[in-house]
């Protein structure tokens with residue numbers, strides 16, 4: 001990446017020892033300033049011919065950030081990523097008492113309060129774990145630090161598949177012995193014990209913030225299913241409350257027990273990953289079908305009371321875990337029944353059909369109907385559609401898709417946003433049905449190298465700066481504009497504003513904080529910025 005400098009006058013050569021010392025000191029200060037301005041270690045860029053670059057990491061080098069500190073009162077920090085190659089680069093500025101520029105004005109409205117944030121993260125699938133563990137210990141450590149440490153983007157959510165999914169290299173459940181209704185042969189295989197669990201522990205040790213785990217099942221054991229297969233059209237045999245449904249509910253408790261024995265405890269479970277998938281003939285990978293009515297009765301009679309009467313009564317239960325296109329209908333069916341509703345903490349949504357389902361008509365309407373049931377984005381990835389290339393190393397647009405989705409979700413009351421695989425190989429796998437997709441980190445095992453994509457940094461513009469407990473507040477625009485913007489107040493009282501410019505035009509703008517004054521800035525074309533300042 002070439003860095004251009006502004007034109008400048010030549011400085012006269014310093015004379016004598018004092019001059020040399022002054023020049024040396026100035027050089028050191030400039031170097032230090034450059035280090036401060038670009039994080040602890042800058043991106044090592046590489047282009048693969050797409051719209052932007054990846055940052056290359058290996059056993060000896062990886063770009064990193066400084067631990068986050070609040071700027072001095074009356075000043076702000078600005079973190080910038082651009083299509084041209086900047087990656088979360090820090091600069092500082094000062095609030096002004098008066099506004100001097102024209103154009104767009106964004107006014108912080110701290111008294112207009114909305115949802116509190118749970119957090120941001122990704123999924124520790126079998127595929128992700130296999131790729132991460134294939135790296136040398138040094139490179140692996142840097143990858144996990146990039147996601148979870150203060151030097152990285154500080155994820156605080158990890159999704160854990162319950163047994164196999166498409167991003168596994170074999171098909172298995174935790175209870176494959178037929179007719180084992182007491183689940184006496186339930187056990188965690190090597191995928192959990194040797195892959196996922198050690199990596200999750202390593203991530204938790206690195207994190208300065210508490211990390212919340214949530215789990216989702218793809219399929220039950222085949223002997224509990226109507227079609228006797230992990231995939232295709234099939235549901236649980238029988239009806240809610242019977243031994244098939246009760247056994248499946250007990251399976252959740254057994255899973256939580258097994259992970260607790262490894263000292264891992266869960267914040268939440270989802271009732272089923274994409275329950276609509278198992279209603280389709282020929283569905284290619286692990287699934288278990290539920291209609292909304294079936295899920296309603298299942299929650300009310302099986303996992304709801306089973307979890308409530310177990311040692312895991314504090315584990316939250318999330319319904320849906322499927323496309324938001326199914327809202328508000330699914331919520332209306334499930335939550336209309338008080339017996340089901342009392343067990344449901346939240347509604348999990350996936351992003352894959354968002355282009356068919358406007359946020360206002362789905363998320364907005366669901367929040368209007370059920371304001372006390374939280375909305376949570378539980379899965380997203382790019383490259384899954386049949387017309388999309390699986391992996392596009394360095395694609396800026398794919399990062400933009402992430403940040404645009406996160407801002408839209410935040411504006412419509414969603415409390416968290418979860419990416420899919422934490423890491424994949426250059427093909428977008430492994431995946432046993434070859435359902436290859438993209439990931440914010442791509443691992444090239446042959447070179448003991450991993451690539452941090454624009455998606456990684458777009459996510460980081462939220463995850464690093466918006467800790468759990470932050471609350472979205474109002475941000476009023478003086479005129480119609482093409483920027484995506486959102487504002488939040490952190491638990492420490494500081495303010496965060498994220499500005500995404502998806503357009504080809506630079507946009508001059510001013511952010512007004514009624515308590516401090518005016519922050520005058522520019523949102524360059526194809527850029528994302530996070531602004532942070534102290535309000536107390």
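Yeah, the Cβs are placed from backbone N, Cα and C, and that goes for glycine too.
The annotation signal peptide is assigned in Swiss-Prot to 1-39 on the grounds of similarity to another entry.
Taken from Swiss-Prot, the feature disulfide bond applies to 43-55 (among others). Residue 55 (disulfide bond) falls within a strand when secondary structure is assigned with DSSP.
Around residue 57 (disulfide bond), the C-beta neighbours below 8 angstroms that are at least 6 residues distant in the chain are 44, 63, 139, 142, 143, 146, 449, 450, 451, 452. The disulfide bond annotation in Swiss-Prot covers 57-62 (among others) and rests on similarity to another entry.
Every protein chain considered, the tally of other Cβ atoms within 10 Å of the Cβ of residue 58 (N-linked glycosylation site) stands at 17. The N-linked glycosylation site annotation in Swiss-Prot covers 58 (among others) and is backed by sequence analysis.
Look at Swiss-Prot and you will find 98 (among others) tagged as N-linked glycosylation site. The Cβ of residue 98 (N-linked glycosylation site) lies under 8 Å from the Cβ of 517, 518, each on the same chain and at least six residues away in sequence.
Taking the Cβ of residue 185 (N-linked glycosylation site) as centre and 10 Å as the limit, one finds 11 other Cβ atoms among all the protein chains shown. Residue 185 (N-linked glycosylation site) carries neither a helix nor a strand DSSP state and counts as coil. Taken from Swiss-Prot, the feature N-linked glycosylation site applies to 185 (among others).
Residues or ranges marked as active site, proton donor by Swiss-Prot on the basis of similarity to another entry: 274. Under the three-state DSSP scheme, residue 274 (active site, proton donor) falls in the coil class. Residue density at residue 274 (active site, proton donor): 25 other Cβ atoms are found within 10 A of its Cβ, drawing on all protein chains shown.
The number of other CB atoms found within 10 A of the CB of residue 309 (N-linked glycosylation site), across every protein chain shown, is 10. Here Swiss-Prot flags 309 (among others) as N-linked glycosylation site, drawing on sequence analysis.
Neighbours of residue 379 (active site, nucleophile), defined as other CB atoms within 10 A of its CB across all chains, total 24. Residues or ranges marked as active site, nucleophile by Swiss-Prot: 379.
All protein chains included, residue 501 (N-linked glycosylation site) registers 25 other Cβ atoms within 10 Å of its own Cβ. Feature annotation from Swiss-Prot assigns N-linked glycosylation site to 501 (among others).
Cα of residue 185 (N-linked glycosylation site) to Cα of residue 62 (disulfide bond): a span of 44 Å.
Using a 10 Å radius centred on the Cβ of residue 55 (disulfide bond) and all shown protein chains, the other Cβ atoms total 26.
Cα of residue 55 (disulfide bond) to Cα of residue 274 (active site, proton donor): a distance of 33 Å. Cα-Cα distance from residue 501 (N-linked glycosylation site) to residue 43 (disulfide bond): 22 Å (rounded to the nearest whole number).
For the pair formed by residue 43 (disulfide bond) and residue 62 (disulfide bond), distance between Cα atoms is given as 7 Å, rounded to the nearest Å.
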